[in-house]
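Enquirer: OK, TrEMBL features for this one:
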- THR45, ILE202: pyruvate binding site (BINDING)
- TYR133: active site, proton donor/acceptor (ACT_SITE)
- LYS161: active site, schiff-base intermediate with substrate (ACT_SITE)
Amino acid sequence: MKGIFTALITPFHGDGKINEKGLRQVVRHNIDKMGVHGLYVGGSTGENFLLSKETKKEIFSIVKEEVGTQVKLIAQIGSLNIEEAIELGKYATDLGYDALSSVTPYYYKFSFNEIKNYYLQLIEATGNKMIIYSIPVLTGVNFSLGEFDQILNLPNVIGVKFTDSDFVKLERLKRLYPEKTFLFGFDEIMLAGCVFNADGAIGSTYNVMGDKAVAIYNLVQEEKIKEAMEIQSNMNQVIEVMIQHGVYQSIKEILKLKGIDGGHMKFPFSELSGEGKEEVKKIMELI
Ligand code: NAY
């Protein structure tokens with residue numbers, strides 16, 4: 001579990017149903033054109049937290065069918081409802097997903113022990129490998145080093161999707177747990193994450209700039225940081241526009257301009273504005 005993983009977008013039809021043809025095209029684009037090492041399915045980027053259990057299963061199934069064993073697959077199954085999370089975890093495991101990932105339980109201010117017990121139940125029930133999805137900025141759950149120590153020592157926990165800019169914590173964690181996998185979650189500073197010893201990255205913008213992320217990842221292995229910074233800086237010109245107009249919306253528009261059916265957004269997300277479309281068109285030459 002190393003390298004660049006695309007946090008897969010989900011193309012929807014206008015009525016909110018899965019656009020299967022589009023989803024298959026996006027998967028193919030990621031594997032055949034972007035050359036990423038794996039896909040992270042059911043993350044924030046996939047608009048997962050807006051979906052029913054059945055729709056989540058449908059996505060896991062279509063993606064696995066399209067991918068086969070071509071690249072690594074991680075299924076994000078986290079849900080506040082533990083029964084749903086377990087059911088999704090078993091489903092993805094039976095489909096052959098290489099690992100599961102679960103966001104730290106959010107909304108309620110759960111204690112650390114409650115969060116730990118949540119992971120324990122998930123791991124025991126599914127028997128698959130688990131990558132902890134830590135994204136303090138959205139969940140408010142920010143593990144200390146001591147808490148990470150307890151979480152990383154749970155059975156089957158193989159690593160962390162580290163969506164945080166605390167580089168000191170990242171460096172300390174990798175030093176303490178060299179055998180665990182740390183996948184960095186902020187695309188605009190992924191180079192820094194890799195320099196601070198992350199094993200790779202998971203990101204939404206890799207749906208359209210995965211080739212660049214792979215190049216940065218490879219350059220860091222070769223210790224060519226200046227060249228890697230050049231690419232990161234180019235990526236950031238695009239990401240800046242994306243953040244301004246909606247990251248997921250912009251990715252879908254870029255895919256569309258490349259002839260891939262990125263589909264619609266899931267309500268209550270709105271579609272890309274007219275101004276956003278104009279701005280995205282202007283940065284296409286950088287992609
Ligand atoms: C997910 O679960 O899909 C992710 O966390 C992917 C990581 C992305 N963060 C979010 C919240 O979607 O790729 C990043 C992010 O879009 C990027 O850094 C631009 O800010």
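Backbone N, Cα and C define each Cβ position, glycine as well.
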Enquirer: Could you tell me which of these recorded positions, THR45, TYR133, LYS161, ILE202, has the fewest other Cβ atoms within 10 Å of its Cβ?
Expert: THR45
Enquirer: How big is the gap, in Å, between the Cα of TYR133 (active site, proton donor/acceptor) and that of the residue listed as 'active site, schiff-base intermediate with substrate', rounded to a whole number?
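Expert: About 5 Å separates the two Cα atoms.
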